[in-house]
Amino acid sequence: ADTGHQTRSVSSRPYYSLPNSSHERRSVLAVTEPPRFHSHAKGKNVRLDAHSRRATRRNSFCNGVTFTNRPIHLYEKVRLKLVAVHHGWSGALRFGFTIHDPSQMSSDDIPKYACPDLVTRPGYWAKALPERFAVRDNVLAFWVDRHGRVFYSINDEEPILFHCGIKVSGPLWALIDVYGITHEVQILDSMFAETMTTARLSTARLSTCLPQSNHDSANFNNNELENNQVVAKIANLNLSRVPGLATDNHIIPCCPNRRPRAQGVPAFLDTDLRFHPTRGPDITFSQDRMVACTNWQESNRTLMFSDRPLHIGESLFVEVGHLGLPYYGALSFGITSCDPSTLRTNELPADPDFLLDRKEYWVVYRAFPVLSSGDILSFMVLPNGEVHHGVNGASRGMLMCVDTSQSLWVFFTIHGVINQLKILGTVQSSPVTVSPSGSPGGSQYDSDSDMAFSVNRSSSASESSLVTAPSSPLSPAISPVFPPPEPSSSKNGECTVCFDSEVDTVIYTCGHMCLCNTCGLKLKKQLNACCPICRRVIKDVIKIYRP
C-alpha cells in the first residue's frame with residue numbers, strides 16, 4: 001500500500017486524495033453515496049430512470065454524453081453494467097474522466113460526441129471501449145490511480161491500462177458516453193481497486209482500444225448510416241440480375257438482425273467454401289470461418305484464403321460487412337495455385353506482392369471502386385481463364401486472366417476502409433457471354449480502364465517470374481496482371497507479329513507477352529493499337545530483361 005500521507009478523517013479528505021489503507025477505503029465507501037448519473041448534465045438523447053442509476057440513449061447513435069453527479073475518489077471503481085447493446089452502429093461506449101464540474105455546464109457545453117469533441121478540450125480524457133467487450137450484461141469497471149493512470153476491467157478480470165496523464169491534483173468526475181452499439185448502461189455500487197504494485201503493473205495488459213483517429217471514423221460511418229438511411233436502403237436493395245444465375249425473392253440471412261439478401265444473389269448458395277485456417281496474424285475468424293475481421297487496429301498482415309480451390313464456372317459471393325476509415329483503402333483479391341495448407345502464418349506478408357517471388361502462380365487485383373457497408377461482390381473464373389466480377393449484382397467485367405490448367409485458390413486482404421469480409425456462398429453457374437473486348441457487354445472495366453495488378457507466373461509457365469509496370473500519374477507503380485501461358489502461335493518464344501525475333505516485351509495493361517520490342521514499339525504508335533491476342537487497348541509496352 002502507498003504510504004507517506006498524513007491521516008485525516010474520512011469526511012474531511014478531498015476526493016482526489018489517496019486513502020491510506022484498505023480499511024480507510026472501505027470507510028470512504030461507507031459514508032459516501034454511490035455515484036449516480038448527473039440529472040442535468042447529459043446529452044439530449046439520454047434518458048435517466050427515477051434514481052439516476054440507469055442511462056438509456058434514445059434515437060440515433062450519439063448525443064449520449066453523461067457524467068457522474070459527484071467526483072470520483074482515486075482508486076474508486078466506477079462500475080457500469082451494459083444493460084442493452086444494439087448492433088448496427090459502429091463503435092461502443094466511451095468513458096474517462098474530467099476535471100470540469102458538470103453542475104457548471106450548460107446544455108450547449110455538451111456536444112454530440114465525447115470523442116473527439118470533448119477530448120480535444122483541456123481537462124477531458126476519454127477513449128472507446130473495444131467492441132469485443134461491449135456485450136450485454138458485461139460489467140465494466142474503471143478507475144484512476146494517484147499517478148494519473150486509468151485502468152479498466154471487464155467482469156472483474158485482470159486490469160487493463162487504458163490511459164495515462166490524467167490530472168489528479170483536483171476533483172475528477174467520471175465521463176460516460178452511451179455511444180454506438182451501447183444503448184443502455186446502469187451504474188452499480190462502487191468498489192475500491194487495489195494499489196497496482198510495480199510487479200503487477202508490469203504484467204498489466206495494454207488497452208486495445210481504437211486510437212483517436214478511429215473515433216472520427218466511427219462518427220463518420222454512423223452519420224453515413226443515419227443521414228443516408230443505409231440500413232433501410234440495403235434492406236430494399238434491388239440488385240440487377242447476374243448473367244446465368246436464377247433469382248427470386250427468397251431471403252438468405254446475412255448479418256444477424258441486419259437485412260434480407262438482395263435479389264441479385266441466388267436464393268440458394270452452397271456454403272461448403274470457407275476461409276482456410278491459415279491466415280495473417282491480424283485476422284480473426286468467426287467460429288464457422290465464414291466471417292473474417294481485422295484484429296482491431298492491427299490490420300497490416302491480413303491475408304486470408306479459401307479452404308478449397310474455386311471451380312471453373314463457380315461464382316463466389318462475399319459481403320463487405322463493415323467500414324473503417326473514410327478514405328481509399330482496402331480490399332485486394334487474388335488467385336493462386338498455392339495450397340494454403342503448405343503456408344505458415346509467419347510466411348504471410350502484409351503486402352501480397354511479396355509472394356510474387358514464390359514458385360507458385362499468383363495474381364493480385366487491387367483497383368476496386370469505393371465500396372460501402374453491405375456491398376456484395378461476386379467472382380467467377382470462366383473456362384477461358386477470364387476472371388469476372390460483379391458488385392451488388394451488376395457485372396463489372398473482367399478482372400484478370402488466369403491459368404486454369406491448375407487448381408486455383410482465391411485470397412483476399414482487407415485494410416482501412418474494409419475490416420470485415422463475409423463469405424455468403426458459391427453457386428455453379430453457366431458461363432457468361434463474353435464480348436470481343438473480353439468483358440460482358442463492355443463495362444467500365446473494359447480495356448480503357450486503369451487497373452492495378454500484380455502477378456507472378458509459375459516457373460513452369462515462364463522464365464520471367466516478375467514484371468513491373470511503369471508508374472504514371474494515373475496509376476501506382478505496381479505490376480500488371482499476366483494471363484495464362486502464351487498460346488501455341490508463340491511457339492519457341494517467337495514474336496506473334498514478325499515470327500522472327502524472340503519475345504521480350506510485355507503489353508500493359510493486359511499483360512500478354514507475345515511481341516518483340518521492335519514490333520511492340522511499332523504497334524504502340526498505331527491508332528487504337530490493341531493486343532494481338534485479347535484485343536485490349538495497348539497503353540504501354542515494357543521490355544523484359546532476362547538474366
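Placement of Cβ uses the backbone N, Cα and C atoms for every residue, glycine included.
Given the ranges 1-25, 426-450, the record in TrEMBL names 1-25 as region 'Disordered'. In the predicted model, the domain 'RING-type' (495-535) shows an average pLDDT of 83.
Mapped onto DSSP classes, the domain 'RING-type' (495-535) shows 9 helix, 7 strand, 25 coil.
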